[in-house]
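Colleague: Quick one: the structure is below, and I'll ask about it shortly.
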Amino acid sequence: MKTLLLTLVVVTIMCLDLGYTTKCYVTPDVTSQTCPDGQNICYTETWCDAWCGSRGKRVNLGCAATCPKVNPGVDIICCSTDNCNPFPKRS
């Protein structure tokens, strides 16, 4: 019985993964960084500026506590797994 209890405790601790923090790509360097405590959402924000036709959309990557508010003309994609927000490929 003690062995079963010990096994359940070990499995519970492994499943809880206490202290886990998300890693997201962050601009301007597009490097993977550990997000601060409480910020478990990765986001990719894209928008066009005056030079969008020649150089493509502007991109902002980062961590957030909640998915950022969507504004007109701005596309936001949010996700919650490690490095799920890579720099978008130009089309």
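Quick reminder: no glycine exception, Cβ is built from N, Cα and C everywhere.
Annotations per Swiss-Prot:
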DISULFID  C24-C42  disulfide bond
DISULFID  C35-C63  disulfide bond
DISULFID  C48-C52  disulfide bond
DISULFID  C67-C78  disulfide bond
DISULFID  C79-C84  disulfide bond
SIGNAL    1-21  signal peptide
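Quick one: where do these features end up spatially?
Modeller: Cβ-based neighbour count (10 Å, all protein chains) for C42 (disulfide bond) stands at 27. DSSP assigns C42 (disulfide bond) to a strand.
Other Cβ atoms within 10 Å of the Cβ of C35 (disulfide bond) number 19 in total over all chains.
Annotation for C52 (disulfide bond): same-chain Cβ neighbours under 8 Å, separated by at least 6 residues, are R58. In the three-state DSSP scheme, C52 (disulfide bond) is classed as helix.
Taken residue by residue with DSSP, C67 (disulfide bond) is part of neither helix nor strand, so it is coil. For C67 (disulfide bond), the same-chain residues 6+ apart in sequence whose C-beta sits under 8 angstroms from its C-beta are I41, Y43, I76, C78.
Within the same chain, the residues at least 6 positions away from C79 (disulfide bond) whose Cβ sits under 8 Å from its Cβ are I41, C42, Y43, N85, listed in sequence order.
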Colleague: Pick out which of the disulfide-bonded residues C24, C48, C63, C84 has the most other Cβ atoms within 10 Å of its own Cβ.
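Modeller: Result for the most crowded candidate: C24.
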Colleague: For the C-alpha pair, I'd like the distance in angstrom between C48 (disulfide bond) and C84 (disulfide bond), rounded off.
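Modeller: Checking the Cα atoms of C48 (disulfide bond) and C84 (disulfide bond) gives a distance of 22 Å.
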